[in-house]
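A.B. asks: For reference, the structure I am asking about is given below.
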Amino acid sequence: MASLIYRQLLANSYTVDLSDEIENIGYAKSKNVTINPGPFAQTGYAPVNWGPGEVNDSTTVEPVLDGPYQPTNFNPPVNYWMLLSPLNAGVVVEGTNSIDRWLATVLVEPNVTTTVRTYTLFGVQEQISVENNSTTKWKFINLIKTTPPGNFTLYSTLLSEPKLHGIMKHGGQLWVYNGETQTLLLQDYVTSNYDSLTMTSFCDFYIIPRNQESTCTEYINNGLPPIQNTRNVVSVSISSRNIIHNRAQVNEDIVISKTSLWKGVQYNRDIINRFRFANAIIKSGGLGYKWSEISFKPANYQYTYTRDGEEITAHTTCSVNGVNDFSFNGGSLPTDFVISRYEVIKENSYVYVDYWDDSQAFRNMVYVRSLAANLNDVLCTGGDYSFALPVGQWPVMTGGAVMLHAAGVTLSTQFTDFVSLNSLRFRFSLSVEEPYFSITRTRVTRLYGLPAVNPNNDRDYYEIAGRFSLISLVPSNDDYQTPIMNSVTVRQDLERQLGELREEFNALSQEIAISQLIDLALLPLDMFSMFSGIQSSIDAAKSMATNVMKKFKKSKLASSVSTLTNSLSDAASSVSRSSSIRSVSSSVSAWTDVSNQFTDISNSVNSISTQTSTISRRLRLKEIATQTEGINFDDISAAVLKTKIDKSTQIAANNIPDVITEASEKFIPNRAYRVISNDNVFEASTDGRFFAYKVGTFEEIPFDVQKLADLVTDSPVISAIIDFKTLKNLNDNYGITREQAFNLLRSDPRVLREFINQDNPIIKNRIEQLILQCRL
């Protein structure tokens, strides 16, 4: 059974103690060593309390709704809507280019018959005939004249219930809204010298960029957001838009805290990240028609660039992870074209670029926190590669492209021929792009991804612009550099890595095939087979197993087993001292630890629910102690864990102890267990639900806590893989025999596989729900 991995970890905890004891003996024998740490020995220990610090961001975010602004005369910017919000009827806005266009808009309230009103427009009183037949909507009337002494004529109108109107300069024309709310149209005025056209607003107004035109239209249709209609919103002068903001420099060092020999420094840097891929193309022996491998290799690249007038020397290392293996076999003859394996990076792959430069930020990168970075995307396209055959036309692998998207940053170390460099590792996720790649003169075509054959497309490098910010704890003495071998990634960055690993792990639940999962759950997984999916794990399997057991020994499951063992020992001695007393407390306390709760058994549902919930939490331990032939929750948990480890692209050997331990505690939190007595079944779940029912008819019977307590002590505990509600649903919809019912109650894997192979939706849905509960 797959749960053998948990049993093995529980049973071998003593090896961890022995390993620790051996290490302690080794330390004791080698402790008498004289070390001369030099004049800066105190800097080996960092202060506990770090300064608060901040991460500056130079990104300018343009608001969608800018305002409100007070009535004024100004030249509105091009490609920006001026959203007018008058409160009363009358003149709303005037505008002129002082050459051949004088424009004005007046507002008329609802229910106005045709009448002549006097308006002061451009300092002159004008008689304008207006009307508004609408009973609910206000009417904006747009007027125009071409000479100062001329008369205003009607150009367009807008009926608006929220009393909002918009004007914009764009494309050599003046644009306004026309028609009626919910069916709005845009109307343009052709005007010369429109850049210098000034507007005089007689009401509050807002400014909205043209790329948010749909939002402006929504406001005119439905009104401003509620927060804009409160008394706390006060209009300001348009001159406030011209305030000069002093922003932090993008390249600077800020001392944010200083204590004794240490200081916290925030480093902000703009960077130019250049990298290139490397590859290996290996031909097979023979007549020259076969290639054995085309693969990606790590590539170092050194370059210089200018940052704020300073020449920067930078070094990058590019590597890939999660490659996809492809092959092409043209036939079995010695002269048939064959590629045994060629690597392609796709959506499931990652590209790592380790970056270092000679600035102060990388000199003392030992204790680091608040690490953040922003980088642009970059498109990587593949080039052509001709496979030189001795005779005949040469096949050519051509095309392929991926887009690199920044997906995170951590600390790393680069190793060159001469030095080791503390660096930043930028991780990029991939998306496939056009064009696809193909091999000419073969049937390989329309495949997507970037093959390893010519990933740089004859470029010297790919380039990404970006910036990063970090806070580093450095010695106050600027002449001292902390040793590189002490480099550590602080907990914040470790938690970010584990968080990303958890997200990927949980997302893999959708990719697990149920039929294969049942088969895997029946295998006797041990530590070595569990780790087989981790690259280079065979070489470090022994040390990894020890690390896993060290971590697992502190888990809740191991602690519960230890507590249970002590409880059983105490219970046995208690029974021997007082064998005449038989109660719920004496028979079940070792397994349930609820003896105090059972002293006064209540008939209320709440009391029974509390008791059964407490019992069910310990039933997992009883099941581990008395293995049955059926499949259990830990088998499914271990099988899902193994599948996700094999599929994961982010998991590494140092993550295994945390993953194994967390999975044992958190996978399938909602479990139900049952015990069978003749034709009666008692079932209790960790969420407090409980059932008692007959096997043949699934008819519910009264639930007896005392009976359950007695049965738990003497009978095997079975995982309710198919719980009572699922069984009843299955029987009601499909009908099952008594034998099938017994097999499902015993979680018989053979019967489960039969139902799954028949695509039974009820059973498949139950197993899928269990898989979805396997989350970190």
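Each residue, glycine too, has its Cβ placed from N, Cα and C.
Remember, it's a predicted structure, so these values are computed and weren't measured experimentally.
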A.B. asks: If you look at how Swiss-Prot annotates this chain, which of 120-147, 148-175, 288-315, 484-511 comes out as coiled coil?
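C.D. replies: So the range that Swiss-Prot calls coiled coil is 484-511.
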A.B. asks: Give the residue counts of the region 'Hydrophobic' (389-409) per reduced DSSP state, in the order helix, strand, coil.
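C.D. replies: Split into helix, strand and coil, the region 'Hydrophobic' (389-409) gives 0 helix, 13 strand, 8 coil.
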A.B. asks: Measuring Cα to Cα, how far is Cys380 (disulfide bond) from Cys203 (disulfide bond) in Å?
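C.D. replies: Roughly 53 Å, rounded to the nearest whole number.
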A.B. asks: Let me check the 10 A CB neighbour count of Cys380 (disulfide bond). How many other CB atoms are there?
C.D. replies: 23
A.B. asks: Least buried of the disulfide-bonded residues Cys203, Cys216, Cys318, going by other Cβ atoms within 10 Å?
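C.D. replies: Sparsest of the disulfide-bonded residues Cys203, Cys216, Cys318 by Cβ contacts within 10 Å: Cys203.
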A.B. asks: Take the C-alpha atoms of Cys318 (disulfide bond) and Cys216 (disulfide bond) and report the distance between them in angstrom, rounded.
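C.D. replies: That comes out at 46 Å between the alpha carbons.
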